Structure formats: C-alpha cells, structure tokens
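Going by Swiss-Prot, these are the annotated features:
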TRANSMEM  20-40  transmembrane segment
TRANSMEM  95-115  transmembrane segment
TRANSMEM  128-148  transmembrane segment
TRANSMEM  168-188  transmembrane segment
TRANSMEM  206-226  transmembrane segment
TRANSMEM  253-273  transmembrane segment
TRANSMEM  295-315  transmembrane segment
TRANSMEM  334-354  transmembrane segment
Amino acid sequence: MQEWFQNLFAATLGLGDLGITVGLVVSVIVKIVIILIPLILTVAYLTYFERKVIGFMQLRVGPNVTGPWGLIQPFADVFKLLFKEVTRPKLSNKALFYIGPIMSLAPSFAAWAVIPFNEEWVLTNINIGLLYILMITSLSVYGVIIAGWASNSKYSFLGAMRASAQSISYEIAMSAALVCVVMVSGSMNFSDIVAAQAKGIAGGSVFSWNWLPLFPIFIVYLISAVAETNRAPFDVAEGESEIVAGHHVEYSGFAFALFFLAEYIFMILIAALTSLMFLGGWLSPFPQSWGIVGTPSAFWMFAKMAAVLYWYLWIRATFPRYRYDQIMRLGWKVLIPIGFAYIVILGVWMISPLNLWK
C-alpha cells in the first residue's frame, strides 16, 4: 500500500521527492482509518452483544425494539450521548477535566499500531511490540487519575485512586505472565511469538500453543487482564453501590462516551493480545493437511478474539463484585507470587532435558 501511494504521488502526479513523503503520510493515515473504523464499529456492537448475552444468561430478552432484533440500539446510544450536554462541577479544573478522557482514550487507540492480524496485516511490525503495548497501555491510568482529581468530587477521587492502585498492582502480575511467553518465544515481536507457537514437540497443533505448557500462568494472565480493564467482578473503581460511578461520576455526554469507548477498546486489545500470546494468533487449530480450514489466516485471529470477549461477558454475568481489599489481596498475595515463581520454574524447565520448546 505504501509503495502504491508513493508511486501515485511521485510518478503519476509528478510531485517527485515530495510525492514520496506525501505518499508515506497518506498510506499511514489510510492504515489508521482502516483500523479505527472497524474498531469503533466493533465497540458499538460489542455493547449490543454484551446486553444480549447477559440478558440470555439472566432469562431476559435484551435490546429488541430499536430496529430489527434491536440491531440499531448501539447507534441510538451513540446519538443519545452525542446530543447530551457536557456539564462539569463548578469548582472543577476545566482544562484537566477535559484532558482526562482524552488521556484515557488515546493510549487504547495507539496500542493498535503494533497488533498484527496475520503475517501481513499490521500497521508497524517492530521487534519490541510487546514492550510498546505494556508501555502505552500503562499511560491510560494517568487519564483516570487526572479525571478523578479534576472533578473535585470525593467519589471521583476515591474511584480514581482505586482504579490506579488496582491497575498498577495487576500490571505486575500480567507482566510476569508475559515475561514467561517471551522466555519460551525468544522475542518480543508478535509475529515471532506466533511463529514460535507452531514449533516445538507438538508443533503444528493446538497443543503447541502457549496456553497448555504455560497453563498456570495463563490463568494468572486472564485474571489480571479482567482486573486491568476494571471489568466485573473487579469493577470496584466504579462500584455503583459504594461510590456511585467512580472517576467518571461527574462526566456526561460525549466526555463520558470517551471513557466508555476507552474501556471497550482496551477489552478488545486484551482479547487480541491473549490470542497472540497464548492462543496461536492467526494459526489454525486444525492440521494444515485439512486444506483451507488448516491454513493460518486472519479469520482464526478474529475467532479467538471473539471467544476471549465472550469469556469477558460470561465472567461479568456469573461472578459478584469483590471487595476492594479482596482484590488487592488476590493480586499481591496470590497472583504476583505465582507469576514470579513460575518465571523461575520455567527457567529451570527450559534448561532441563524436558524442554518442550527446542
């Protein structure tokens, strides 16, 4: 795509060297649009799917009035939020009040720059893709803290403190789990990590994916991922029964929609990261001898992401909310020790004769 745009502007339109630069910029913008528009539409219908799934689990119907089978409900929700007035507390910090939602949303968008959907569908294929993801997603907590403090509300500030402490705590456990994947893959490049899952003793099958040999750390990662996204049962940052709605209690209209969008984009990002790191990415679960069914493709990547997102919804509908002290105890006294212990165990395993990743 980049070469096509550069040829278009440099040769066809006669812009010369300037055309090469313009073509590069235009190709990047087009790639960003190709990622962002499906991503926003996915968020819209993820909310619809969530309400339908939870309604089914609770023996309800869910959205079924706006459009056929309620399919236009996400757009109705968007228009409702867009046309609502954005109000703010009189004593709040105006600049920081509006910067908070933007700082929460921007990292969740920027992280998609390095997420591949197959060997070719990636905006930027860098060797430190995993490190980039961990770095960029950790910035979103600043938006939460700023929003909670700038609102000048005790409920907002308490929710922001809870969210930031929880996010920082579970980032440690999640990072420990991802370190284990890097150890067995020998790379932080997502394409290399996926390729490594097709090798080893059980290479070419679903049993060679990282979820099986790293199963204990896979469970640690899944729990940490739910806590990182502040989803039920770890949604104490916005515990309605305790602190009304957490750090975005004072937000309305489009400003609230930005927080909402950031949360769901982060959910989809975690689903993509889970697929790449533990579930073989775009690798097929079937042997390649099965023809097109066994061929690696972006379809399998999307299917695995959908399965992880369904797991998110199932967890929300099944488990009650934990108390804040229980969440912090689980993170610091259970998941983090298990994560660090497994790093040591995995190191010994890899230098032993029982190494599965040779």
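Note: Cβ is positioned from N, Cα and C throughout, glycine not excepted.
At the 8 Å Cβ threshold, with sequence separation of at least 6, the transmembrane segment (295-315) lacks contact with the transmembrane segment (334-354), having fewer than 3 such pairs. Remote same-chain residues near the transmembrane segment (253-273) are listed as 39-40, 42-43, 46-47, 78, 81-87, 97-98, 101-102, 104-105, 108-109, 111-112, 115, 133, 137, 140, 143, 147, 225, 228-231, 247, 301, 304-306, 308-309, 312 (criterion: CB distance under 8 Å, separation of at least six residues from the stretch ends). Through the fold, the transmembrane segment (168-188) approaches residues 127-131, 134, 138, 141, 196-197, 210, 213-214, 217-218, 220-221, 223-225, 227-228, 277-278, 328, 331-332, 335-336, 338-340, 342-343, 346-347, 350, 357 of its own chain, all at least 6 residues removed from its boundaries and within a Cβ separation under 8 Å.
Among residues of the same chain six or more beyond the transmembrane segment (206-226), those with a C-beta under 8 A of the stretch's C-beta atoms are 170-171, 173-174, 176-178, 180-181, 184-185, 197-200, 233-234, 270, 273-274, 277-280, 283, 285, 311-312, 315, 330-331, 335, 338-339, 342, 346, 356-357.
Proximity of distant same-chain residues to the transmembrane segment (334-354), defined by a Cβ-Cβ separation under 8 Å and at least 6 residues beyond the stretch ends, is recorded for 169-170, 172-173, 175-177, 179-180, 183-184, 214, 216-217, 220, 223-224.
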